[in-house]
Amino acid sequence: MLLADVVATSTAVAATRSRTAKVAAIAGLLRGLDPADAELTAVVAAYLGGSLRQRRTGLGGRSLSGLPAPAGEASLEVAEVDRRFEEVAALSGPGSAGRRAAAVADLFARATGEEQRWLRGVVAGELRQGALDALVQDAAAAVAGVPGPDVRRAAMLAGSTVQAVVAALRGGAAELAGFGLHVGRPLLPMLAASTTSVAEAVAGFAGPVAVDTKLDGIRIQVHRGPEGVRIATRTLEDITARLPEVVEVVRELPARAFVLDGEALVLDGSGRPKAFQDTASRTAQASGDAVVPYFFDVLHLDGADLLDVALRERLAALDGFVPPRWRTPRLVTADPAAAAEFAAQALAGGHEGVVVKDLDSPYAAGRRGGAWVKVKPVHTLDLVVLAVERGSGRRAGWLSNVHLGARDPATGGFVMLGKTFKGMTDETLAWQTARFRELQTGEDGYVVTVRPEQVVEVAFDGLQRSTRYPGGVALRFARVVRYREDKTAAEADTLETVLALAR
């Protein structure tokens, strides 16, 4: 199969908002595969989901700059592209950077313009084509003639959409039924929907709910079985060797085999959580500040799989063998006022907020459903647009990703805090494209620089330390609320205001 076929499908998926049309486009490509060719099926499934099979390639922004002119005709095969990235990922030692750059240049020289744009996006992890794993799973179900939930459950248990797609196309329902929970093999974690109101979250369920403190750490999934302890991140990366203190905690728990879901974070001397970056930095290595685990769910316990058991029963099992000091703080209540007070206490303690959970719900891994609802405070700032990037896929022809800056009275200029393409309707995209063309002062490839005059109200979940931006901080999960035509750049929020939020 040609890479051009994958790129064309990705482009078609990105060009529509219809979920049905997206699934149909992906299914059309999957039908062209030989189900017996598991290797090619796996690569195509990964590419349709917007990722490479290689977790790390060593490629960054510099590696993708100054690339050769595109080829005039499509000739790259999917299997060859995967093989090239496998070779690049294996490079190490003295001179590897040069060999990596040469290999990438050779690959890109054989790619057309559309293929180069797609390759840049997938390497950088910024491929905005709308083909999320859930769509690929549904497309595989349609091609294989099996229920969508069967593919989704197999993906959950395997910890891999790619494996589930290969199984569905090759063996249908029979092969999908062979997937099960195995202690020691990470599975996809359950995700939460979002709201800004604790009362609204509680009112969405009948009867009492579990209200968990939302800790600002890294998600961990802990497996203990005959082969020992294994710790995986939300993305299923094995970090066991980096968290020896967590391994010791798990070894002391009074059970033979189990799978726990939780968070790990670094605390300061007073017991308050340190900044997320401190936890992220510590969990990237095997030494440093102690990492403390907090567990909020159990998926398997001594031979019994608990995925399909109601949360209230899973919590009872969790409380039965995990001491309170290692459990996420929790309140069970049907009273919105009590839940709101618990959330206020969590925020006062330096935590992110709370997660409200349906006590009757099973563990629906890998899906952001309504059984769990996270509630976090939302901050807004009035910032100035410094530049904007040309859109791709469905946003081709528009100016999309805006670069955001805070006012710096000390210099009279602006300090960049991040960028976002979130929160934009088609009307917003059309308006901002016209507006920023009016303000344009230059253009370098995909980035259009503009006069710093347009104020935009931006919502975000918090701030994080950053060495990328001169202010030392960056916005977390920023999205556009509205453009403030009633404000001038001189009225935008200052860097001092932003830094005060970080303290």
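Don't overthink the numbers, they just go from 1 along the chain as shown.
A Cβ is built for glycine as well, from the same backbone N, Cα and C atoms used for every other residue.
Now, the feature entries from Swiss-Prot:
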ACT_SITE  Lys214  active site, N6-AMP-lysine intermediate
BINDING   Asp212, Arg219, Arg234, Glu263, Phe296, Arg368, Lys374  ATP binding site
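Overlay of Swiss-Prot annotations on the structure.
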| residue | record | Cβ within 10 Å |
| --- | --- | --- |
| Asp212 | ATP binding site | 26 |
| Lys214 | active site, N6-AMP-lysine intermediate | 22 |
| Arg219 | ATP binding site | 15 |
| Arg234 | ATP binding site | 15 |
| Glu263 | ATP binding site | 23 |
| Phe296 | ATP binding site | 24 |
| Lys374 | ATP binding site | 19 |
Inquiry  = What does the structure give for the C-alpha distance between Glu263 (ATP binding site) and the residue listed as 'active site, N6-AMP-lysine intermediate'? Integer Å is fine.
reply    = 9
Note = Per DSSP (helix/strand/coil reduction), Asp212 (ATP binding site) sits in strand
Remark   = In three-state DSSP terms, Arg234 (ATP binding site) is classed as coil
Note = Rounding to whole Å, the Cα atoms of Phe296 (ATP binding site) and Lys214 (active site, N6-AMP-lysine intermediate) are apart by 10
Note = Taking only the CA atoms, the spacing between Lys374 (ATP binding site) and the residue listed as 'active site, N6-AMP-lysine intermediate', expressed in whole angstrom, is 8
